[in-house]
Amino acid sequence: MAHWPEDVGIIGIEMIFPSLYVDQAELETYDEVSPGKYTMGLGQDKMGVCTDREDINSLCLTAVDKLMERNNIDYNDIGWLEVGTETILDKVKSVKTVLMQLFEESGNTDVEGIDTINACYRGTAALFNALIWIESSSWDGRYAIVVAADIAIYAKECSPTGGAGALLMLIGANAPIVIDRGVRASHMKHAYDFYKPDLMSEYPVVDGKLSVQCYLSALDHCYPRFCSKTEKYLKRCGKENTKIDLDYFDAFVFHSPYCKLVQKSVARLVLNDFIQYPEKYQDLQQLRNLKFEDTYFDRDIEKIFMDKSKQLFEKKTKPSLMLANQVGNMYTTSLYGGLVSLLISEDIGELAGKCICMFSYGSGFAASMFSLHISTDSSPGSTLSRLVTNLTHIKPQVQQRVKLSPGEFENIMEIREQNHHKAPYTPVASPNTLFPGTWYLESIDSMHRRKYKRV
C-alpha cells in the first residue's frame, strides 16, 4: 500500500451490561458498614450482576451479534477479531474461537486476531493490534472488531467493586472517531498490585494501596510523555508552538475501577500541569519543589489538588462516568464504557470536533495514553450520526434493569463461587430476566464443553 489508510478509528460501538443490579446504598446497610462507604467513598451507586447463566463467552456472543445486527454488517466484511479479557474459562481455548460460530453461516473463516490479556489493559492492547493490522501490508480492506469484555467478581469484603460488561468497537478507515497516530505514550513495570494466581477461583489477590500508587504513578509517567510526543508530532505537521496542556483536550476519559479513583486522577493531571507550568498557579508557589514520589498518600496535597481540579473534573471527565457509576467496575471494558458515556452525554453537535484524551491502565502493570478526534461532520446520515444513534438504547436499558436485594446478590455470588469450573453443570438461574437477544449458558457437559442459547 502506497500510503496510510486515512482516518483509521472507530466506526461503530456496541455496549452490553447485565440486566440485573444491586443498589450500593442498600449494600452498605446489608454489610453493616458506615453510610456512604460505597456510594461516597468509592463513588458508586449501582453494580451490574451476572448470574451463573452468563459467562465471558455469552457476553461476547451477545455483543458481537448485536454489533453486526445494529450496524447491518456482513460477517464476510470482518477480517480481524481480537478479544481482550482476563475472565478466563479455559487455559487453551480462546473466547475468539467461541465467537467464530457466529461466522459459520457466512462461511467466513479468514479472520485474524486472537485473545490478549494483561489485566484491564488488554482491551487497549487489542485495539492497538487492530490498528497495526489495518495500517500494515496484510490489511485487505475489511473491518476489524475489537472486543473488551470482563466479569469483575471479588471476595465478599471487596464485592462492592465488582461489575461486568462487554464493549465492541468496529475499526476501519474513514472513521468518525479517529485514533490519533504517532502520539501514544506508555509506561510498563513489574508489580504485584492485582493478580490472579489461583486459576480455580474468580477472585483476585489485591494489594489495594499499591494498586492505587501504581495507577497514579503510571498516569504521572504517561501524561508528560504524551504531551511531549503530541507537541513534536504537531510540529512535524507544521503546527509550530502548539501548547499541549489541560486546555488542549476537550475531555479526559480514564480506566475506572471505581469513580473516586478517576476523580483523584484528574487531580493528578492538575498536579502534573502545575509541575510543568507553575506560573499558571500563583497561589501554589510554595509547592514548586514538590516531588511526585512524596505525594501519593499525602492527604493535604491530595485535598489541594482535588479542590483545584474540581471544575476540570465536572466539565471534562464526570460525563464519562455514567456507566461506571451505574454498572460498576467492568475491568477492561471500563475505559471504553467511559467513552460511550461521554458520547451519549450531550447533543451530537456538541461532540463534533472534540479531542479526547484516553488513559488505559492494567495491573501488573501496563499503561498507555492516547487521543481521539471526533469528526466535525455531525449532520444527519453522517458516520458520526449513525454511530451515536446506535447508542441511544443504552440510557433506557440502564433504567430497565431488574434490581436485586443484597441477599439475592449474595446468593448469586455464592452459587458462582461453588460452581465455578464445575462439570457437568446446568445453571440454576432463570434466563427470563435477561435482556432480549442475550446469549446465555445452557449447560456444561462432563468434558467441560459449553452450550449456549439465545433469548
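Note: Cβ is positioned from N, Cα and C throughout, glycine not excepted.
On a predicted model such as this, the values are computed, not experimentally measured, just so you know.
Within the same chain, residues at least 6 positions away in sequence whose Cβ sits under 8 Å from that of E86 (active site, proton donor/acceptor) are I117, N118, A119, C120, R122, D150, K196, Y331, T332. Residues or ranges marked as active site, proton donor/acceptor in Swiss-Prot: E86 (among others).
The active site, acyl-thioester intermediate annotation in Swiss-Prot covers C120. The DSSP secondary structure for C120 (active site, acyl-thioester intermediate) is helix. All chains included, 31 other C-beta atoms sit within 10 angstroms of the C-beta of C120 (active site, acyl-thioester intermediate).
If you look up Swiss-Prot, you'll see H255 (among others) marked as active site, proton donor/acceptor, on the strength of sequence analysis. DSSP classifies H255 (active site, proton donor/acceptor) as coil under the three-state reduction.
DSSP assigns K264 ((3S)-3-hydroxy-3-methylglutaryl-CoA binding site) to a helical segment in the three-state reduction. The (3S)-3-hydroxy-3-methylglutaryl-CoA binding site annotation in Swiss-Prot covers C120, T161, S211, H255, K264, N329, S363 and rests on similarity to another entry.
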Proximal but sequence-remote residues of the same chain as T161 ((3S)-3-hydroxy-3-methylglutaryl-CoA binding site) (Cβ under 8 Å, at least 6 apart): L42, Q44, A152, Y154, P257, Y258, G328, N329
Nearest-integer angstrom distance between the alpha carbons (Cα) of K264 ((3S)-3-hydroxy-3-methylglutaryl-CoA binding site) and H255 (active site, proton donor/acceptor): 12
Surrounding CB atoms that lie within 10 Å of the CB of K264 ((3S)-3-hydroxy-3-methylglutaryl-CoA binding site), all protein chains: 21
Spatial neighbours, same chain, of S211 ((3S)-3-hydroxy-3-methylglutaryl-CoA binding site) - Cβ under 8 Å, 6+ residues apart: D193, F194, S363
Farthest-apart CA atoms of C120, T161, S211, H255, K264, N329, S363, residues recorded for (3S)-3-hydroxy-3-methylglutaryl-CoA, distance in Å: 18
